[in-house]
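Visitor: Sending over a structure as structure tokens; questions will come in a sec.
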Amino acid sequence: MNSRRKFLASASAGLIGTIGGLGSTARSGKGPGPTVIATWNNDAAVSKAWEVIARGGRALDAVEQGVRLVEADPNDQSVGYGGRPDREGRVTLDASIMDEAGNCGAVCFLQDIKHPISVARRVMEETPHVMLAGEGARQFALQEGFKEEPLLTEASREAWEEWKKTESYKPIINIENHDTIGMLALDQQGNVSGACTTSGLAFKMHGRVGDSPIIGAGLFVDNEVGGAVATGMGEAIVKACGSFLVVELMRQGASPEEACREAVMRIVRKQGSYYKDIQAGFLAVNKKGETGSFAIHPGFTFARARGPKAKNHKSKSYL
């Protein structure tokens, strides 16, 4: 038994060593305090979420309200209403949400419902399950009072028609400088929650699901430590259990930026030379309100608010 304890202790020490061993865990000391962050140029969504935090509201409510703003925006073709369709011309949506108690809910391959994040929250709060998929998720949403409506806008239909001329399936890095929205909030009570929502890879195979609705891949929260979200090529992120990895690295003493960087490097090492053709990035916040990000390629940005006005920031990258 003693030898096993020694082995576990040395293994933990080794993990800390791989991330630099800088500082103590995120739970100690003071920091910036209440914070909202989100992937890409989602300043308006972060400001919306901050309104909830400023009123003393719960982080869970903040992230839901924040990403709903993007889901309803037809001009954002990577999320919700107006999202780019799959190769058959159908808009299918994925989302996940997680609260400070470790409760979580998700939907994937959901059609005809504008706000998958709110359906995911209903899954978390009203069912014994974590995820509902496809027609089952749609039927559940309708039973819960959500409105069925077409999600394919004229702009998205035209983009699909243009794609059909070549049917190229190579992902475009940082397409239009936005992608999945992942959002994290630390509220005035010191609790962390997160949300992630997307229409997925443009012109994907019908039925494809990426990392966004998968707890531990696109989103993970542990209220002892903080939270993380991911964006980019979902398949690579799933293979690395990316967001879970970021949170666990913070638990071992890494800063948010160090943890995000190590998760990206895990993907780089596993992908071989293919990593040059994909983007993957992570965004994290710890319990002190410190934030960090890292991506494979330049161009990844994130929005952050610690007051009424959100600001956009450039992320560091490997390349």
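The first residue you see is number 1, and the count goes up from there.
Glycine is no exception: its Cβ is also placed from the backbone N, Cα and C atoms.
TrEMBL: automatically predicted annotations, no manual curation.
Copied straight from TrEMBL:
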- Thr180: active site, nucleophile (ACT_SITE)
- Arg208, Val209, Gly210, Asp211, Thr231, Gly232, Met233, Gly234: substrate binding site (BINDING)
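Please go over these features one by one and say how buried each is and what sits next to it.
Guide: When other Cβ atoms within 10 Å of the Cβ of Thr180 (active site, nucleophile) are tallied across all protein chains shown, the result is 30.
For Gly232 (substrate binding site), other Cβ atoms within 10 Å of its Cβ number 28.
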Visitor: Show which residues of the chain containing Arg208 (substrate binding site), separated from it by at least 6 in sequence, have their CB under 8 Å from its CB.
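Guide: Long-range Cβ contacts: Asp86, Gly200, Leu201.
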Visitor: Counting every protein chain present, what is the number of Cβ atoms, excluding its own, within 10 Å of the Cβ of Val209 (substrate binding site)?
Guide: 20
Visitor: Can you give the largest Cα to Cα distance in Å, as a whole number, for the residues Arg208, Val209, Gly210, Asp211, Thr231, Gly232, Met233, Gly234 that bind substrate in the record?
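Guide: Value for the max Cα separation, rounded to a whole number: 16 Å.
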Visitor: Looking at the binding-site residues Gly210, Gly234, which sits with the largest number of other Cβ atoms within 10 Å of its Cβ?
Guide: Gly234
